[in-house]
Amino acid sequence: METIQSDVVIIGAGGAGLRAAIALAEADPSLRIALLSKVYPMRSHTCAAEGGAAGVIKGDDSLDLHFGDTVGGGDWLCDQDAVEFFINEAPKELTQLEHWGCPWSREKDGAVGVRPFGGMKMKRTWFAADKTGFHLLHTLFQTSLKYESIRRFDEVFTTDLLVSDGRVQGCCAIEMRTGEMLQFQAPAVIICSGGAGRIFPFTTNGAIKTGDGMALAYRAGVPLKDMEFVQYHPTGLPGTGILLTEGCRGEGGVLRNKDDYRYLQDYGMGPETPLGETVLKTMELGPRDRLSQAFWHEDKAGNTIPTKWGNCVYLDMRHLGEEKINERLPFVRELAKSYVGVDMVTDMVPIRPVVHYMMGGIHTDINAATPMPGLFAAGECACVSINGANRLGSNSLTELLVFGRRAAESAIAYLNGAQKPAVDTAAADRQAAEAEGRIHALFDRKDGGETIAGIRDAMADSMESGAGIYRSEELLKDTTATLADLRKRQTGIALKDKSKVFNTELTQTLELSCMLDVAQAVAVSAFERKESRGSHQRLDHTERDDTTYLKHSMAQYRGEDAPAIDYLDVVITKSQPGVRDYSGAKS
Amino acid sequence: MAKSNKPIVWGLFAAGGTISAFVAPVMILITGLLVPLGVFGEDAMSYERMTAFLSHWIVKIGLLGIVILTLWHAAHRLRITAHDFGIRNDSTIAMGVYGFAGLFSVIALFAVLAI
Amino acid sequence: MSRKPYVREVPKATWYMRNGRYLRYMAREVTCIFLALYMAGLTIGLVRLMQGPDKWETYLAGVSSTPAVIFHLIAFGFACYHAKSWFDVTPKAMRIPQGNDFVPGRIIVGTHYGIWGGVSLVALVLMGVL
Amino acid sequence: MSERQITFEVLRYNPETDDKPWVQTYAVPCQEEWVVLDAINYIKDHLDTSLSYRWSCHMAVCGSCGMMVNGEPTLSCKAFLRDYKGNTIRVEPLTHFPIERDLVVVLDDFMEKLTSVKPYIIPKKEKPVEEGEYKQTPRQLKNYKQYTMCINCMLCYAACPQYGLNDEFIGPAALALTHRYNLDSRDGGRSQRQEVVAQHEGVWECSFVGACSEVCPKDVDPAGAIQQMKIASTVDWYLEHLMPWRGK
Ligand SMILES: Cc1cc2nc3c(=O)[nH]c(=O)nc-3n(C[C@H](O)[C@H](O)[C@H](O)COP(=O)(O)OP(=O)(O)OC[C@H]3O[C@@H](n4cnc5c(N)ncnc54)[C@H](O)[C@@H]3O)c2cc1C
Ligand code: SF4
Ligand code: F3S
Ligand code: FES
């Protein structure tokens, strides 16, 4: 087994991983940086983000307003110290990206333009047409090519963390083109492996978003925090789950039910705003959880439109006119045309809520550090708790930048710290050999009649039915039981593909086991939280309960058993829990 | 990694391509088809008319420009096309095609000036 | 190492037979042969003209022969194809700013076709009148 | 929902057991709104778990699912079955690249070339982040925007015959990205990039076949970018050789 020595290993080369790598390379050119990714960096799912990235720059806006929107949007489950840090750093990071060449959309005088976004009181979302994440990712990736100290390992699939003495010591991974195991020894590891939307059947997330990094940390003993908070995005294309950005509503698109009625006014987000005029934080610019929940009620009331892909409502953009649509949302127009055959200039687009984002993730503190010495995490896989119970759109791209850099700085501080952490190479070698043995054993499994697709679909269906937009004790009981069963049944998958080179059956098997672990953490956390907050809505506990649950859930891995759930206090600095008000009355 | 010297010939290639696109079709039409077929009458290209026509210096320069640039355009394109057809000794080809273009350019120059 | 990437060789002399796009490209490229031959012929004509009326007459007779007319017919076709393929791609090479955008490609292409038509027409008219 | 039975002829190659690629056929019951990638996923899930290929976003933005579909370089997640009339569809790995396995090709060559053209802002003058953003008018943005849209899907390399004949050629996407940075009002690095662009294997290996732009799923128009760079390089050359006093 080849061993690669470095100072910092980064697992994942999406927005967060690349930002961390660049920060390391800039801070100290002598650092040896290993950047691992199971796909080429520019394939990372950050490329799919459309709408934009939030950061305060305009005169009429303020850091306090961004803070208020974020904390309220998160239903007060955010750690307010982290939010404050995040909001302070956001404009700097976005400007830095501008200096690196990101093609931000501009105002007439050449200043960066901002657009309105759901749940934000001010226009503060920087955007690059409707391909913000794409441009962000490619800008970071291309900029990273400048630094020779960033050693990339593309299409290298991480399977295990190496941990000894309670500290992380590196990781091991399969080089997909050879099928060989590689051992990465390093005193510091940053996980930036993205989300896990694929545990649901209907998601905007790409095939690679299988929660691998979350599972790695979880299995190594780091708790997963607030996993029950899963964001549904209200406007997905039926069938494929392709996202129509929130920018659609930001630019003035409206939602209608089967009677052409703008139903959001019935769900505390009214009064109805005039067509073509958007009022921030009301109606279509309400937060995602509320909009998705409204859909659920409309569907139950029989007000949705049946299509061959299931029930839908309409997104109406017609009043915006062709010119504005082409200028601001060209990509979205193209997507709707290709995938559902509708031109939004002349027709309404069928849409429905779709799983989009994991608020929860690897537990980290404000420094992007996990409880395990040497292990850091940033991006969607992590939960620093700036998103609370519901992320505001356009906060997460900024989060990648702010906490990607923060993780890098913390890693450097750790490396230079008093203990001068070193790798116990003997222990690492031993663990890596064990990990390799486990992979080899997968090839020899007996056929128990199970298939990857079978177990994956069963998992996703049970997540949708029990841990979807609305949850209840009964539904969740079924789901947790199913998941526990599926975790056992996965050992009955026999690999038909015995070759080493680019064996995607092998990687899919590994991804499936990560997804099952993560799904179980989601379902069990949801089961234990007997209140409704943000994206977590219980039919049997419909109110928010700040006395018992103004706390983060912490799912602790317990091997083959279901996780144990503990709670951790939320950090509150200046905003006491209040009412989330998205009616036009106030503000 | 030396910079290529292709810009010299490429400049001529592009100029010749443009000029010939505008004028070559109609020139061929007139001199190669309509006149030989007698459309403009018997003496459309009589010796007298042609020498008179070519006695004007603007015509001389114009015609020379067209002929020479088109030849260079063609030579350069042929060099690439030879490569496309699988002929790989580029330097021999280049000598051949540019030589041809050069030779005929000189002849044209000589003839036009002498008329 | 179990890698053994397989390299598919591209046939060096027949690759363009693989699809219509490449064939169109090759057709465009060989237009140059006809342009060159025509210009060479014209140059010979100029030499003949320089040599005096007798030589010029033999040249004219040559151009009027059937093979010459057939050659010119084909050359005319290729020259037109050259012009079309050249003008159609002009917007790629020249981007002319206009406001916050560029002059639309079809206008650039259209202008070229216009000039082409104009030049040809003038030449024909001049010939008729001369 | 209407189903359509389509036979997929897929080029397979396993370096550990095969000497050369071979064709395997699969009969797939397809939904009418499917794309080719959906059918391939169906094969992977239900017919043959050993088939290897790349994909992720299913929305034509990650650039990983490029394949030859009926001989044409195509993003398989954007190749709607309704646009294919016959009952057989042939799927092969992108041409001009070595086959790693099945539909997976080796991309090292492009990654090196991309790095060689310095695809990042080389500022005219460093400006600290604290001083805020560089101003860039919508007009200046428009100037290079089209060339930022490249998703590195490699369809253009599979389409470009000159790259097929000579893989030293820097190739369409890398050159389009070079042009992108050259045209950016914040950039001052053109002369550094010229070292690569102006050599034989740079723009001059391109004979303006135009196939790259025809297959590009994002309308990047690399062919246009390359021609514009040829013109600029020619102007450079004349300035340098005919007016040497203008300096470097
Ligand atoms: C359709 C869509 C639209 C969105 N729009 C917006 C928006 O407008 N605004 C906003 O703020 N946010 C948006 N988001 C959310 C945001 O894009 C994501 O949260 C963010 O991009 C995640 O970035 P990341 O760097 O954490 O992970 P990713 O970009 O997903 O990268 C993960 C990386 O980890 C690697 N990796 C994973 N597992 C392994 C393994 N086992 N071994 C090795 N490497 C591994 C992958 O290869 C990849 O490089 C959107 C999300 C989606 C899906
Ligand atoms: S230029 Fe177009 S075809 Fe080529 S890699 Fe980029 S997006 Fe793909
Ligand atoms: S196809 Fe190739 S030859 Fe040039 S115009 Fe495109 S790079
Ligand atoms: S799967 Fe991402 S481009 Fe096709």
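Residue 1 is the first one shown; counting continues down the chain.
Just so it is clear, glycine is given a Cβ too, placed from its N, Cα and C backbone atoms.
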Same substrate site per TrEMBL - residue from A:Arg290, A:Arg318, A:Arg391 joining A:His233, A:Thr245, A:His356: A:Arg391
Against chain D, in sequence order - binding-site residues A:Val39, A:Arg43, A:Cys47, A:His233, A:Thr245, A:Arg391 with Cβ under 8 Å: A:Val39, A:Arg43, A:Cys47
Whole-number Å value for how far A:His233 (substrate binding site) lies from A:Arg288 (active site, proton acceptor) (Cα to Cα): 6
Cα distance (Å, whole number) from A:Gly51 (FAD binding site) to A:Arg391 (substrate binding site): 14
Confidence summary (mean pLDDT) of the domain 'FAD-dependent oxidoreductase 2 FAD-binding' (A:7-397): 95
Among A:Val39, A:Cys47, the most crowded of the binding-site residues [Cβ within 10 Å]: A:Cys47
From binding-site residues A:His233, A:Thr245, A:His356, the one whose Cα lies nearest A:Gly12 (FAD binding site): A:His356
When distances run from the Cα of A:Ala16 (FAD binding site) to each of the binding-site residues A:His233, A:Thr245, A:His356, the nearest one: A:His356
Spatial neighbour of A:Thr245 (substrate binding site) that is closest, considering only the binding-site residues A:Val39, A:Arg43, A:Cys47, A:Gly51, A:Ser396 and their CA atoms: A:Gly51
Maximum Cα-Cα separation (Å), residues A:His233, A:Thr245, A:His356, A:Arg391 listed as binding substrate: 15
